[in-house]
Structures are given as C-alpha cells and as structure tokens.
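Feature annotations, courtesy of TrEMBL:
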- 107-223: domain 'Phosphatidic acid phosphatase type 2/haloperoxidase' (DOMAIN)
- 20-40: transmembrane segment (TRANSMEM)
- 84-103: transmembrane segment (TRANSMEM)
- 110-131: transmembrane segment (TRANSMEM)
- 151-169: transmembrane segment (TRANSMEM)
- 181-202: transmembrane segment (TRANSMEM)
- 208-229: transmembrane segment (TRANSMEM)
Amino acid sequence: MIRALSSWLRHRFAGTAFELQVIVAFGIMVGGLLLFGAIAEDVLEGESHQVDETLLLALRQAGDTSDPIGPAWLQFAMGDMTSLGGYAVLTLIVVLSTLYLLLEHRIRTALLLVCSIISGTLLISLLKLGFDRPRPDLVDHLTHASSSSFPSGHAASSALVYLTLGLLLAQAESHKRLKVFLIASAIFISILVGCSRVYLGVHWPSDVVAGWGFGAAWAILWWLIARYVRTQS
C-alpha cells in the first residue's frame, strides 16, 4: 500500500520535479500513522499500561497523587496550555483563519482547511468511541475531562489544527526562515498541549503520543492534497 501511494505521489507531482520536501512529508505522514497503529495495538493488548503508570506517577509528589510536581504556578500554566487544545479555542482559530482566507480570496485554501479540520475531528471522535479507553484513575484529575481517553482529543486536534495552519501558511511564504518558524511554532504548541494533558492527569502518555501521530499524519495528508491541487491549477 505504501509503495502504491508513493508511486501515485511521484506520478501526480512529476510535473513539479517531486521535491524532497514532498518525500519527507510523505515519510512523516506514514511514520505518524505507523506510530498510532503501534500504540493502539499496545493499548488493546495492555502492554503500555506499566509505562503509562510510571510516567503519570512521576509527575506527582510521592505519596500524594493529588499534588503535581513543580511550583504552584506550573499547574496554572498547564491549565492555560491545555486550553489551547480545547474545542472552543480551536474552533475560534479555524473560523477566524477561514474568514481571513476568504477575505484574501483564497477560497480553495479555505475549503481545504475546513475539510481537513472537519474530517479529522470526526475521525478522532470515532476513534475515541471505538477504543473507549477509560481515563486514568491512578491520579487526581486537575481539569475537567468527559470523553474516553484514547487517543487524546486535545493532542490530536491541536496537532491537526496548528500543523495544518502552519503548513498552509508556510506554503504561501517565500522566506525559508519564516517557513521553519511557522512549522516549528505549530509543533511547539502541539507538544505543550499534549504534555499538559498528562501533567493534569486526564490522559495516559500513550493517549497523547498516539494523538500526536494521528493529528500530524492527517495534517500532512491534507498539505499534500493542497499541494497537488495547487499544481493542477
């Protein structure tokens, strides 16, 4: 299947010399999906439980699972960070970004952005329903959490939204340093959001890593689609 996809990409991008960045992006996308699949298999077989417990307990004071490590301000900061991956904030960002693209008459890019986010969000919800993994009960939850645990919706959605925006913006940027800055910023925010979920005790580490893998893969898939559409216009 991977060979077939690679061959399809080479054929579709033959007119644009099939740049190295496309090959790298495709490799990262496949890697993200393989990472998600490997973790999902471990979760189903219970093989990730010991590592998850060890990492989760390492973030709490010895003998008190309700008290996270670090100064008091760190807990408040993590609460703020986790909000960056919440549906309200992400929806606002996507809506404003879409309106901006429409005002710039970049209708095609706006449509691709919306399709990417909606399809990815639906898939994340379906995956949560399918795996139906309980939230961690090993430590106290320091923020509200209601849906099932795997994969982390915050980690997956933040990777999906921020990486999609970062890649689309970088695609339209001519300066290499700004391209790197935009993508690096998207990755950094996604990492912060995911780490905050583990620190606050509402996700197992494996939930977060799997969410990153899926979100990154989905964002890159739609970047490749956007690139292909642009080459055909």
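The backbone N, Cα and C atoms fix where each Cβ goes, and this holds for glycine too.
Automatic prediction, not curation, is the source of TrEMBL annotations.
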Closest-packing stretch to the transmembrane segment (151-169), where packing means Cβ pairs under 8 Å, from 20-40, 84-103, 110-131, 181-202: 181-202
The transmembrane segment (208-229) and the transmembrane segment (84-103) contact flag, 3+ Cβ pairs under 8 angstroms: no
Secondary structure content, the domain 'Phosphatidic acid phosphatase type 2/haloperoxidase' (107-223) (per DSSP, counts of residues): 87 helix, 0 strand, 30 coil
Cβ contacts under 8 Å made by the transmembrane segment (181-202) with residues that lie 6+ beyond its boundaries: 55-56, 59-60, 68, 74-75, 78-79, 81-82, 84-85, 135-136, 138-143, 145, 149, 152, 154-155, 158-159, 162-163, 165-167, 169-170, 173, 208-209, 211-212, 215-216
Contacting positions for the transmembrane segment (110-131) when only residues 6+ beyond its ends and CB under 8 Å are counted: 40, 43-44, 94, 97-98, 101-102, 147-151, 153, 156-157, 160-161, 164-165, 168, 211, 214-215, 218-219, 222, 225-226, 229
